[in-house]
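Peer 1: When I checked TrEMBL for this same protein, it listed these features:
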- 46-114: domain 'Amino acid permease N-terminal' (DOMAIN)
- 88-125: region 'Disordered' (REGION)
- 92-108: compositional bias 'Basic and acidic residues' (COMPBIAS)
- 109-118: compositional bias 'Acidic residues' (COMPBIAS)
- 127-148: transmembrane segment (TRANSMEM)
- 132-639: domain 'Amino acid permease/ SLC12A' (DOMAIN)
- 160-186: transmembrane segment (TRANSMEM)
- 206-230: transmembrane segment (TRANSMEM)
- 251-272: transmembrane segment (TRANSMEM)
- 278-301: transmembrane segment (TRANSMEM)
- 331-349: transmembrane segment (TRANSMEM)
- 369-389: transmembrane segment (TRANSMEM)
- 501-521: transmembrane segment (TRANSMEM)
- 527-545: transmembrane segment (TRANSMEM)
- 565-598: transmembrane segment (TRANSMEM)
- 648-781: domain 'SLC12A transporter C-terminal' (DOMAIN)
- 816-1021: domain 'SLC12A transporter C-terminal' (DOMAIN)
Amino acid sequence: MERPAANDNVNLSAYRPNLPMSVLNGKTSSGGFESDYYQCYGDGSSMTSRPSIALSGYETLDAPPQYDFYANSQAWGRKRRFRPSLYQLHGNAEDDSRPPMYEEREGDTSEDEDDEEKEPPPEPTRFGWVQGVMIRCMLNIWGVILYLRLPWITAQAGIGMTWVIILLSSTITGITGLSTSAIATNGKVKGGGTYFLISRSLGPELGGSIGLIFAFANAVAVAMHTVGFAETVTDLMREHGAVMVDRTNDIRIIGIITVTALLGISMAGMAWESKAQILFFLVIMVSFASYIVGTIMPASLEKQAKGFFSYNADIFAANFVPDWRGPEGSFFGMFSIFFPSATGILAGANISGDLKNPTVAIPRGTLMAIFWTTFSYLIISATVGSCVVRDASGSLNDTLSPSTPLDACVGLSCQYGWDFTECINNKTCTYGISNYYQSLSMVSAFAPLITAGIFGATLSSALACLVSAPKVFQCLCKDHLYPLIGFFGKGYGKNHEPLRAYLLTYIIAACFIIIAELNAIAPIISNFYLCSYSLINFSCFHASITNSPGWRPSFRFYSKWMSLLCAVICVVIMFLLTWWAALIAIGVVFFLLGYTLYKKPDVNWGSSLQASSYNMALNHCVGLNVVEDHVKNYRPQCLVLTGPPSSRPVLLDLANCFTKDLSLMMCGNVVTADSSPSALEKASSDSHISWLNQRKIKSFYRGVVASDLRCGVNMLLQGAGLGRIKPNVLMIGFKKDWRSESSLAAHNYIEILHDAFDLQYGVCVLRMKEGLDVSRPPQSHVNQGFDEGQDNINTITPGSLIRTSTISSVSVDLEPQHTTVFQKKQGKKTIDIYWLSDDGGLTLLLPYLLTRRKRWARCKVRVFVGGEADKKDEQKEEVLSLIKKFRLGFQDVEVIPDIYQNPQPVNVHHFENMIGRFRVDSNPKQDSDSDPPRQQETPWMITNQDLERNMAKSLRQIRLNEVLLDYSRDAALIVITMPVGRRDGCPSSLYLAWLDVLSRDLRAPVLMVRGNQESVLTFYCQ
């Protein structure tokens, strides 16, 4: 397309691209970059069907908002669309390095649209909020406690306290339901129920432990509901004289048979299980109607003998107050037995993967279930407490005799012509709501309907728990947080049914059915449920309090403070119910939490703990701004110019000895290239962080792209860090090949040191005899100024290349891990410090920090200082006294007077040969006249004037090397004050020659240190 000539009246249509006929006819053809890319973003329709094309005629790479851009998966039958990258929008059109257009469908090798489409995968069964959540939760709440224990709890606690127990339980479950609704509506919910909600909110540490406990609690709840069913069947059999062994063993036999039958229904699939639940729901509704009608009907003599006298205010008043009996006769004893009946609120959430729209179904269905079940509990406890007395004999012969004085008759039944005095006094009454668990059947208009309701409630609750436990456990297994459980995560069929987890749940339930005592099983799971509820509420509170922008639940009717209060109440109630069981539950949580923290699973779910960590770090960083720096709190915060961290591990390990658990360490990497996606990827690759984590080094990493090394290091020196947490020491490797490489590279190396001094950095230069760089031969010009030693000085640990997974699920090869000298125990060697010039104390502080590490703790520290021979003892005492005031613990100080002697001529000759290629022969006047242009063009060249001006320093460095060879030949580490050359008075090649001759031919690592001339040590306490 040609650009029209510029004029005052430009016709915009002239800029419209000439679309080929194939496009105008609805067919796509290969074309330019943007044209092809935009076609690939389509959904298979022709380009003429797009409004942007049809209306304007313009082709554009910018794509309108699409669901695919934000989804993690793709719809079946069409290719995945991707958002164009920022580089593709603003980069050069000639650069065709765009990413793949599509994700290929698994097993789809055909590219031809005319090929016959494959059959779509079978759609699994999905449920709405009524069938999937509300009915399921109501059936799970209406469990065995409703029919078999609620009348007994009413007799023990009285109607008033029973209502308190019900409302307290409902308050806890209601607030938990609100918290669950908030979490469930903060993003797309998948399978895993409670575990999924907590783990994706609080992270894998707490989520994993609660998922395991909650799955176990549901498995135990299967046993509780099954035992309730078996008790009812056993009582019916005993009424008809049918006994297999004895009552306890009959319950065990019937319970095992029942749970086996439920297992068969569950493994048949969710569709069959859902149909069974609807049938149970209808049966329970009919049983409720039968009970309500029974309370209104006049009482027969048989019912009166069992304590039923229809509605009566006196009975209501007598039953309104508590009448505690037995070892369980207390408020919290009754609460512990009742509370599991209110714990079915998560039955719908536990099958979140089988719901059509979990974010709508879970809040609506759960809250409606809580409301209606609470209402039904209140009504049943009030009606049964208004109709039935606490004690009755059940004998028709216990009518009140006319001859019996009214004062001698005990109990409220005396007012209605019945005398149960004997069984009340002897405590042998078998009927009444205090003694007869089947009171609702007795009150009902048709007792078999209540029995059917008991069957429906117990079996539906058991079935719901039998489905919930494997679903939660399957999701936990798939996340691979714990070892040895992945076997149970395999799914079968279109719904991915966890058949193996079903069998495990069946075995656990069967073991607890053997207990055969409902009142013993119920308290066991109360603490597990309360622990789960506490963490669900805490998850909601924590996600809210962190103010993370990602916390945007569509369900707004919750309070973070109510969630926190409910979480605390749950923990308190745990200890009030059964303190030892609470300790066990919390102990298990902390054990699993500790294991997960130790293993550090490779998952990232954007939990609120991550948001909280960010908030805490940010607040602490900002808080440091109001505190002035103090010398007592000085910490060497190192910017280590490693290049890729894996290329110079020895430099990294030395810095880690100074900073581990103490201060900041940041690895700097400069990629010298033009800005491009490949260069940016090389600088910011996650593989560098993965390598550091694998080496267990606590360090930040920062990579930059710059036109040259010095410019990139300047970026790091000025931009690294945050607030007061920023580097103050530059650590760099010695450039050992400065004579063989270009003079400009050597000059830039020295300029980096000068730049660091200008910015008030301390500088450390490490030299190893074997070199520092252990990387492969350079593939590009990356960080060639840090160190050019190519000799491999280290050994490679077994298992050289390790595979790791990045966010994009692409496998990346990490560089091998090398063992360096700073990772080994040094034994009883020496650390020699040559404190020749005062730099503020950094030369002393760094070796002191080194001796705090176990590997270096046995090393003897020797401090060498310069002095005069006739004042040697006085100067030694003076330096030793100063070091003692610093409390460094260094006892060995030696004064070396011969450092001021002239060096040997052979060494001076070697130094002259070293700088020979950088010498400029000229007379002093010519040198002075041409000095400014020379410094601008070749600032590394050394004139005779430069050499004369710096002769004393040059000779001193030569002599110091002789001293080092004499005194520190066998040291583990040599730390020496680094000389400083003036930027305008010392050419860069001469400065490099000083550093080279000072540290040459030494077997031990040499660390040349120069502080920023400000004190980092003090002997004052304030």
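Sequential numbering from 1, following the chain as shown.
Using the three backbone atoms N, Cα and C, a Cβ is placed for every residue, glycine included.
Not measured: the values here are computed from a predicted model.
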Peer 1: Quick check: do the transmembrane segment (501-521) and the transmembrane segment (206-230) share at least 3 Cβ pairs under 8 Å, counting only pairs 6+ apart in sequence?
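Peer 2: Answer yes, regions in contact.
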Peer 1: Using a threshold of three or more Cβ pairs below 8 Å, and leaving out pairs closer than 6 in sequence, do the transmembrane segment (206-230) and the transmembrane segment (565-598) count as in contact?
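Peer 2: Between the transmembrane segment (565-598) and the transmembrane segment (206-230), contact is present.
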Peer 1: If you count Cβ pairs under 8 Å, which stretch among 160-186, 206-230, 251-272, 369-389, 527-545 touches the transmembrane segment (278-301) the most?
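Peer 2: Of the candidates 160-186, 206-230, 251-272, 369-389, 527-545, 369-389 scores highest.
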Peer 1: Restricting to the same chain and to residues at least six past its boundaries, which positions have a Cβ under 8 Å from a Cβ of the transmembrane segment (527-545)?
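Peer 2: Those are 172-173, 175-176, 178-180, 182-183, 186, 194, 197-198, 201-202, 206, 210, 213-214, 216-217, 220, 339-340, 343, 346, 551, 558, 560-561, 563-564, 566-568, 570-571, 573-574, 577-578, 581-582, 584-586, 589, 608-609, 611-612, in sequence order.
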Peer 1: Going through 127-148, 206-230, 251-272, 331-349 one by one, which has the most CB pairs that fall under 8 Å from the transmembrane segment (160-186)?
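Peer 2: Per the Cβ under 8 Å count, 331-349.
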Peer 1: Counting by DSSP, what is the helix, strand and coil composition of the domain 'SLC12A transporter C-terminal' (648-781)?
Peer 2: 55 helix, 28 strand, 51 coil
